[in-house]
């Protein structure tokens, strides 16, 4: 993650300013069963205006609907039939089957064809079909797959039974003939729509045919029908969601244009570094032509100070042009640092790393370039390189408080809270006027279980920085975590009022989103919670947290089609491949639930019998 992404927010790149907010959003979604995604033991299915939930559990569910005797007999018999969900023969060449032992069949095994079948009575057809099916099972057990296929085919001539089609599909599964597996399992499902084995076999075939959406739909339906008792099937849902999302993400990224994330994200990243005056010679009073590299650098720095969305775009363009024009002299390393910063924010990681490395090469004493490169390495999954960058930065200037602050973020992400606490405190000792070191210290103490110390840190910080909205927002988050709803909302209101007063053109919308979640958790006030999210999106239409929160609120109300639109919007806003995979997974899971409802309407009534709407 971009560990420099602001207070309490360094634990995830997706959320630049508030990891605790994202943590709580995720926890809230899980605890309230608001995830459509079948993970963490929870599935969500929308039926009408209500969401029903099923937990994976190997024990008997007393709330599950009772099956009829006929259905129980069918299930019991189906469980005895061929199980091809994990086909051992997949690892064997198809020729192995040809060498298998021949099948010993009873002398009475009937010889049938379409003409003969027409002469048989219903009772005779059923009798012949049963014998042929049993012989087919024996052939399958002896790996004589072609013989088994022939016997199951003859059984099907006698009687169109879903088990016979599913068993023949198992043979085709072993031969890797996926299209035929789909054909036979579809025939079985058309006869018996809730036939779990056939659904799983067809899902497996679709998976091999790289039809991931179709496979996901079948596995999800299977999970719901079976009340999530089959852990392997539930895991297949997760695996397919991941596979689908990863493939789709790679496809999207090939043509997706690089763009800056939300104003909230950019602003929180920039303010995670202590503000410094511009280098001498780049001040506003110095006249520089915009046709020069130095002039463009000056233009970009001026735009950066405006802290607004159009200004951030202008700054990024100016830094690009500054290096293109060149002749930067003593400012060249600084220019590469700034261009690398904005390339990083756009998700252009390799180019950003190259720029930051170039900056270090040009000026090895510029510690900020080491810090930013460390953040990049951490985001790219190389914590060892990040640690090396922090060590190198400290070797250059052991008195730079930003190094300790951002290294603390690294410790925080790794769960090394004691080390994080030391570094935050060191950052404060070197410069006590940087509010985010105080805020993060309080958050870290809270994570360590030192609630009293954390609350005391926040009270001191509010006294020291009474006009800074961030401290009230994060203090409110900790109060909300303790279910102190009224106090938390009061702090979020204070933070929002201060945002309006101090930053009317670049307001941070996180207090609005926090208040939205607080009202939902406290009073189940969906209407007001939605209004707050909508307001946040008016202020910052690309705020990914607001989009995600809105999706969850809509999902909680059973407005799954609307929720899907927000999950799809989250995918559009994703900045990195990891963020895109995550967003696509949620979107596809939501879409699958809609398809399950449409394709298997009988499941809706079944789920209604399982007992009620979600609890808060």
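Sequential numbering from 1, following the chain as shown.
Any Cβ shown, glycine's included, is placed from N, Cα and C.
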Margin query: Which range is it, out of 23-60, 61-98, that shows up in TrEMBL as region 'Disordered'?
Written below: 61-98
Checklist line | Helix, strand and coil counts within the repeat 'TPR' (333-366) (DSSP) | finding: 27 helix, 0 strand, 7 coil
Next item on the list: Give the residue counts of the repeat 'TPR' (401-434) per reduced DSSP state, in the order helix, strand, coil.
Entry: 27 helix, 0 strand, 7 coil
